[in-house]
Amino acid sequence: MAGNSLVLPIVLWGRKAPTHCISSILLTDDGGTIVTGCHDGQICLWDLSEELEVNPRALLFGHTAAITCLSKACASGDKQYTVSASANGEMCLWDVNDGRCIEFTKLACTHTGIQFYQFSVGNQREGRLLCHGHYPEILVVDATSLEVLYSLVSKISPDWISSMSIIRSHRTQEDTVVALSVTGILKVWIVTSEISGLQDTEPIFEEESKPIYCQNCQSLSFCAFTQRSLLVVCSKYWRVFDAGDYSLLCSGPSEDGQTWTGGDFVSADKVIIWTENGQSYIYKLPASCLPASDSFRSDVGKAVENLIPPVQHSLLDQKDRELVICPPVTRFFYGCKEYLHKLLIQGDSSGRLSIWNIADIADKQEANEGLKTTTCISLQDAFDKLKPCPAGIIDQLSVIPNSNEPLKVTASVYIPAHGRLVCGREDGSIIIVPATQTAIVQLLQGEHMLRRGWPPHRTLRGHRNKVTCLLYPHQVSARYDQRYLISGGVDFSVIIWDIFSGEMKHIFCVHGGEITQLLVPPENCSARVQHCVCSVASDHSVGLLSLREKKCIMLASRHLFPIQVIKWRPSDDYLVVGCTDGSVCVWQMDTGALDRCAMGITAVEILNACDEAVPAAVDSLSHPAVNLKQAMTRRSLAALKNMAHHKLQTLATNLLASEASDKGNLPKYSHNSLMVQAIKTNLTDPDIHVLFFDVEALIIQLLTEEASRPNTALISPENLQKASGSSDKGGSFLTGKRAAVLFQQVKETIKENIKEHLLDEEEDEEEVMRQRREESDPEYRASKSKPLTLLEYNLTMDTAKLFMSCLHAWGLNEVLDEVCLDRLGMLKPHCTVSFGLLSRGGHMSLMLPGYNQAAGKLLQAKAEAGRKGPATESVGKGTYTVSRAVTTQHLLSIISLANTLMSMTNATFIGDHMKKGPTRPPRPGTPDLSKARDSPPASSNIVQGQIKQAAAPVSARSAADHSGSASASPALRTCFLVNEGWSQLAAMHCVMLPDLLGLGKFRPPLLEMLARRWQDRCLEVREAAQALLLAELRRIEQAGRKETIDTWAPYLPQYMDHVISPGVTAEAMQTMAAAPDASGPEAKVQEEEHDLVDDDITTGCLSSVPQMKKMSTSYEERRKQATAIVLLGVIGAEFGAEIEPPKLLTRPRSSSQIPEGFGLTSGGSNYSLARHTCKALTFLLLQPPSPKLPPHSTIRRTAIDLIGRGFTVWEPYMDVSAVLMGLLELCADAEKQLANITMGLPLSPAADSARSARHALSLIATARPPAFITTIAKEVHRHTALAANTQSQQSIHTTTLARAKGEILRVIEILIEKMPTDVVDLLVEVMDIIMYCLEGSLVKKKGLQECFPAICRFYMVSYYERSHRIAVGARHGSVALYDIRTGKCQTIHGHKGPITAVSFAPDGRYLATYSNTDSHISFWQMNTSLLGSIGMLNSAPQLRCIKTYQVPPVQPASPGSHNALRLARLIWTSNRNVILMAHDGKEHRFMV
């Protein structure tokens, strides 16, 4: 899901902070961020300021088990990467700056500790992660790809490692890994950079193994201050050893029988040790432990009792501890170069962080004086101090009298088909509410703030206490009735509700415990089971409840342990239940009999066998994060099933579309633009709601609705009558019966509307009765357009309104803000919106409320001062100053949506349902469609390649549409103003943000993320990405571009130098780039990428290419190669052409702009970069399709686009013929592909490739017309020669050339239109191409003027119909004569300079030719004897020059290029008389 569609989460946290029971802590190297992992699998990022103030910034989701350890994973200053490991073997590499998951993997072992180790190979620095845990070795893992490279193994008594430390040696190249096993044996391995550079080497055995008798070791630390001592902390004592020979230097017992849990060196002579109840002690070491002192090692060999150093300082007083569930986690960190604090950080089970700043404590302090905490904050504290409080999704409807806490939402389900969110609450009530409306109330300011109980909603009451789970079965499978909603509660009951009428249909009371889960059986179960839902309860029972029969058909109880997982075996009619103790029970569904129970390996095999039978039905009950992750990765499946019925299906559209043809073709697109997912960090927490906005789906829905909008006005009966008689398309459909049905529907909508406004709070009795009556009459119900419409509103426009209002950078441009509020109808946010960021594999980071508070106390003061007005000071600017990845996603979204709305007719969000005035203009697209709509924009508007800046063409089009009506002008004016507003919005975000925000705050978009979307499948997103990338490349100027090139050039794959040329056969090409099979890690990668559609840019898995570097199968490596090709291609194409391109292409570029390596003739410059980029692009274009590089992958399309854009730069290094043939091959069927595209929907990959290839051909032809013409002419000659020599085998290009005739003619036509001078220079070659592409029979039948009128514009081309001959004058003074019947061509020479005009006499006997350069007009006699005309013996017609006249030369009107082409023309007035007509009207008459 995150792979290629642009999906942005927005979170509504609610007032209660998520549970965060801390299990591990890390401070990043720059000292700016604390990372904490918790027992529920989330990771929290906390900002730490220089004054040691802490503010929680984001929560990272992705792990499905408790976090066991965290470690840094990168040593370079600009990147802050952290690696996390969880109890079930998952490892993730995170970018701490923005919470992106860079890489993830899952091993079959649990790590309990990870250490980062960096070494240099040559001038490259590589990182490794040394992991230890519940396995008897140390694994060495690559820090960027997370691949296991090799392991450190014990020969002598191998055992689990309990703690480990890396000792860096500055003197030698060898580093030492010291580890202590669980049994107290010290192990030493030597790691050299040579070993580390290798991959998959043999395991490395230990150098030394020595028992030091330290049981239950908690931590092992090396003294960085002296480089000589080791501190080992065990649960009952701690010891200091000499790192040279591991002899004991001193020892300390535990205080008051407490258990030590860790320790570290504070300075050369002090250690800090902490206990499991959170107390810490600082000890001063005796002189015998200090290498600098004379008495160093003086105590070696003494009995342990004699070595106790005194306590120097107790850190934390016991009295201010609060009760915690489990022991707190304590870690000591001391800063690196620029960051000198020494900090002790402690995290506990309530999500509280405590920090002590341990400066070098002066010796004079008393031993009993406790050091106070510097900072102490919990997640809940951070939530509580925010004003306004963080909002929950339905807080305004959950107010409890006399309490400031709203009712908690305990279960939720979203129904995308109706845009409704169903929330179960802790008091047992269930609320059904429009999701976008309630989110608007929580996030944005507007009139809704004045309304109590807005938006209109429905309350279902039936459970006596907390609702624990909700299920809408129709969403999972269409076999269920769409009225049914199922809920389970702590009152042991399961209730079936009718969501349309709000009544309770049935209550099941079959369980003896609270309901923990509701599931849907898979499709292929028996007919009876298919209408059941499966309920799981805390009394360890499972029930199958039939919705049809309203009874429980099977109850599987008697399980001894809680139920962990439910699996299905439909073919054998088995329900398989897995319990927490590892046992499995197999039940027969029809009879309810227990078939068998199994334990151990048998149980595992039974569960795995079920997976094979029903792969999709993996329902883990254990952990909320698992469900979230599955929901995310499988979202496309769910979305396919619950495809929201578009507004297309509503009201008038169905009636106005011509029934037979259109109705079947109305496009159904599989994604929903909004998904609401409830997540819990812990089972006891209330729901947090995440709104996922799918930008591409939203754009498609907007465009589809725009395209489907009928042209008929449906305001009142009068208008209906008028419409049926009007010339409006679609009006004629509205005859008798149709109009009656339409009325009925309009009335329904109005009734529905009025009714729902009465239903603001609780329903009246009679209202309910009436509803029941309606329900009982099935015909009546069937005629309703949309039963759940609680209030009339356009879901798509509302989603866009909510989304755009949250994304816009408010407060930077007051004029534009006014336009947004008044003209476009956007709303300002109450407070900073918490966005999220999705990354690979369903991992996501969600910003916590108040993430931007860490700017310090200034903002606080400002906010206090401005409390009287709305506190929107820092509201909007937030997201563009957070991180580069967030900026990229948000800019792409807002620009692509603004452009989409701009291309629509009057797309404003004003005209809300709040205003109930009778004259209000309806919202565009609401069912009453009361405004005459404009026709949808012409598809060429969608297809144009540049960012849509001006709204003018749109308004011009609508003006034409409205020409009949007088009242159109005000509507037109508003339409124009709205489009202008969207245009300004897009322009501001595209280019003006850096200046408005200031470069200090602005986080520029990531070039690589934009590059990956250079050819996004959604055209609007694609255009936004291209505009943003080019704007950013211009902004960073030459120095920045140079830096970008230097960064990415190393990733450019090195392809073979011989690019495939036309002579090479397909088989040779196959062998040349034979790709290794996708086996081993490659296969694994492909498996786990199931959430990436084939549209992801890495699908050109370039790792199949021979490279200089080691072959890496890491996803990130492949992605970097793809990105490097795109980025270098874009920079080369846009900024690399030294030669001034033709004026038509783009603005001229001055030579100073050329990035190093892309210039053509810059004196001896290194132009190998252009060559390598060009090789990569041509390789991607010409590489035959394979599983690794599908025929229409994104990366291939990107290569096509960039070859076209930068042809002038690449031309010297490419085989032009092969490239043009490759492009022609792709667009040979373009007409067919592009004919059946649906307005608004993304193009199919094949059509998209064809469209890109077409565009590239046009760009290449207009950039270098001679290259294009000569290459194609050469191919034509080769082809005709081959065709003549029938024995020769078919060339591989034959079919391409033949199939692409139409495409070649299209390009030639563009050239004649735009570059006539270039065409005339090569007119004979052009004519050769045209003669090849046109069907001879067609020309004979219709004549050249009709078949290809463009070429007949030239005075030096003449066609004689009766003998079917064409004469073409060439630049070098010869004339080519084509005979269409024989396909032969003959050349005559008679002039010294270019031919200005040629013309056949009316009877075809004479040909007049004129050249202005040598000022001669010649007459040629055509041999038209009977034999000649039959073409006897295939002889060429005899031609002889019978007369030549001298003519005064004609002067061109001005030195412009086109004038030279139209100097003079020849006009025959009779069979023997001809006039030479000059451009200025002078005539010369001649007679033959």
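Note: Cβ is positioned from N, Cα and C throughout, glycine not excepted.
According to Swiss-Prot, the protein carries these features:
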type     : residues  : note
COMPBIAS : 937-947   : compositional bias 'Polar residues'
MOD_RES  : SER935    : phosphoserine
MOD_RES  : SER1454   : phosphoserine
REGION   : 761-781   : region 'Disordered'
REGION   : 911-947   : region 'Disordered'
REPEAT   : 17-56     : repeat 'WD 1'
REPEAT   : 62-104    : repeat 'WD 2'
REPEAT   : 156-199   : repeat 'WD 3'
REPEAT   : 324-366   : repeat 'WD 4'
REPEAT   : 404-443   : repeat 'WD 5'
REPEAT   : 462-507   : repeat 'WD 6'
REPEAT   : 558-597   : repeat 'WD 7'
REPEAT   : 1349-1388 : repeat 'WD 8'
REPEAT   : 1390-1430 : repeat 'WD 9'
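According to DSSP, the secondary structure content of the repeat 'WD 6' (462-507) in residues is 4 helix, 20 strand, 22 coil.
Tertiary proximity for the repeat 'WD 1' (17-56) is limited to same-chain residues at least six positions away from its ends with a CB under 8 Å from its CB atoms, namely 62-72, 75, 77, 80, 82, 84, 86, 94, 96, 99, 325-326, 328-331, 333, 335-336, 338-339, 341, 343, 345-351, 353, 355, 357, 374-375, 377-380, 382-383, 623-625, 680-682, 684-685, 688, 845, 848, 850-851, 853-854, 856. Away from its own ends, the repeat 'WD 5' (404-443) comes close to residues 10, 12, 14-16, 391-398, 449, 454-455, 457-472, 475, 482, 485, 487, 489, 491, 497, 499, 502, 639, 642-645, 672, 674-678, 686-687, 689, 691, 786, 788-791, 793, 795, 798-799, 801-802, 805-806, 827, 829-830, 833 of its chain (Cβ-Cβ under 8 Å, at least six residues beyond either end). Counting same-chain residues at least six beyond the ends of the repeat 'WD 8' (1349-1388), those with a Cβ under 8 angstroms from any Cβ of the stretch are 1308-1309, 1312-1313, 1316, 1319-1324, 1326-1328, 1330-1331, 1336, 1339-1340, 1343, 1394-1400, 1404, 1407, 1409, 1411, 1414, 1420, 1422, 1424, 1429, 1431, 1434, 1436-1437, 1439, 1461-1462, 1464-1466. Taken residue by residue, the repeat 'WD 9' (1390-1430) breaks down under DSSP into 5 helix, 17 strand, 19 coil.
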